[in-house]
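Engineer: I have a structure here, written as structure tokens, and I will follow up with some questions on it.
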Amino acid sequence: MSARARAQVSSARRIVVKVGSSSISGDNADQIAPLIEALAETHGHGVEVVLVSSGAVASGMSYLNLDGRPSDLATQQAAASVGQNVLTARYQETLDRHGIAAGQVLLTEGDLLNEPHRSNTRRAVNRLLDLRIMPIVNENDTVATYGLRFGDNDRLAAMLSVLIRADLLLLLSDVDSLYTRPPHLPGAERIDHIGFDEELAGMEFGATKASGGVGTGGANTKVKAARLAASAGTAVLVTATALAADALRGEEVGTWFEPMPTAPGRALL
């Protein structure tokens, strides 16, 4: 990440951070506290921080005595209903130590695409930030249907970043950056920087989806989400959840997506 890119991170006044299910559930549940500590530190510097968090279904599975992610929609919705409450409580427990309140925001795709829902979503999130509340955003899995879903929270985070005109979108996963192929394979090369007009045709991205299968995203979804946000003028950094604090301090981590200077994509939403 270039010095210019690091400067953009340090100067960002409104940041959307997205974390996936596999990074905060199961054996990785102990990453929740360090992540929230990093966000609280950034919030303490006067920065407006929005957290887009997956993990509701994964967090609710044990309460429903499920060993794996349910395949049917109704059970997914039941797990999400229980897990969202559990997840928010875990976040608030750490935020309490910093005197920060979380505000839960559950969205469907229509809330970011259709008026007047879109304007209402923007107004609600902006008001929470004005009040120095940290919005915790997730797809409303309890009511969303297959035909009206974001598909993954990377896309939700990108669309929300555009909607509220965030300066930076931080996409967190289980891998430190994007690679030309799965990082465990020979010849895999770390991708440090992707220009706003760089051609990606023929480039293979290593998968970041955990083997446990609790999430719905991966490297390709992050690339698509990053491209969407970058085309709208929002800088994007993709890195590991364990490196969130380093990323927010502007250290040289992850893969940087350069935002389009003229930002015609602001009109996308």
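Glycine too: its Cβ is placed from the backbone N, Cα and C atoms.
TrEMBL: automatically predicted annotations, no manual curation.
So TrEMBL lists the following for this protein:
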DOMAIN    14-238  domain 'Aspartate/glutamate/uridylate kinase'
BINDING   LYS18, SER173, ASP174  ATP binding site
BINDING   SER54, ASP141, ASN153  substrate binding site
Engineer: I need the nearest neighbour of SER54 (substrate binding site) among the binding-site residues LYS18, SER173, ASP174, using C-alpha distances.
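Structural biologist: That would be LYS18, the closest of LYS18, SER173, ASP174 to SER54 (substrate binding site).
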Engineer: For the binding-site residues listed here (ASP141, ASP174), tell me which residue's CB has the most neighbouring CB atoms inside 10 Å.
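Structural biologist: Output for this query is ASP141.
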Engineer: Name, in the order they occur in the sequence, the residues of the same chain whose CB lies under 8 A from the CB of LYS18 (ATP binding site) and which sit 6 or more residues away.
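Structural biologist: Result: LEU51, VAL52, SER53, SER54, ASN153, ASP154, LEU156, ALA157, LEU169, LEU170, LEU171, LEU172.
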Engineer: Per DSSP, to which secondary structure element type does ASN153 (substrate binding site) belong, with helix, strand and coil as the options?
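Structural biologist: It is helical.
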Engineer: Roughly how many Å separate the Cα of ASP174 (ATP binding site) from that of ASP141 (substrate binding site), to the nearest whole number?
Structural biologist: 23
Engineer: How big is the gap, in Å, between the Cα of ASP141 (substrate binding site) and that of SER173 (ATP binding site), rounded to a whole number?
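Structural biologist: Computed Cα spacing between ASP141 (substrate binding site) and SER173 (ATP binding site) is 20 Å.
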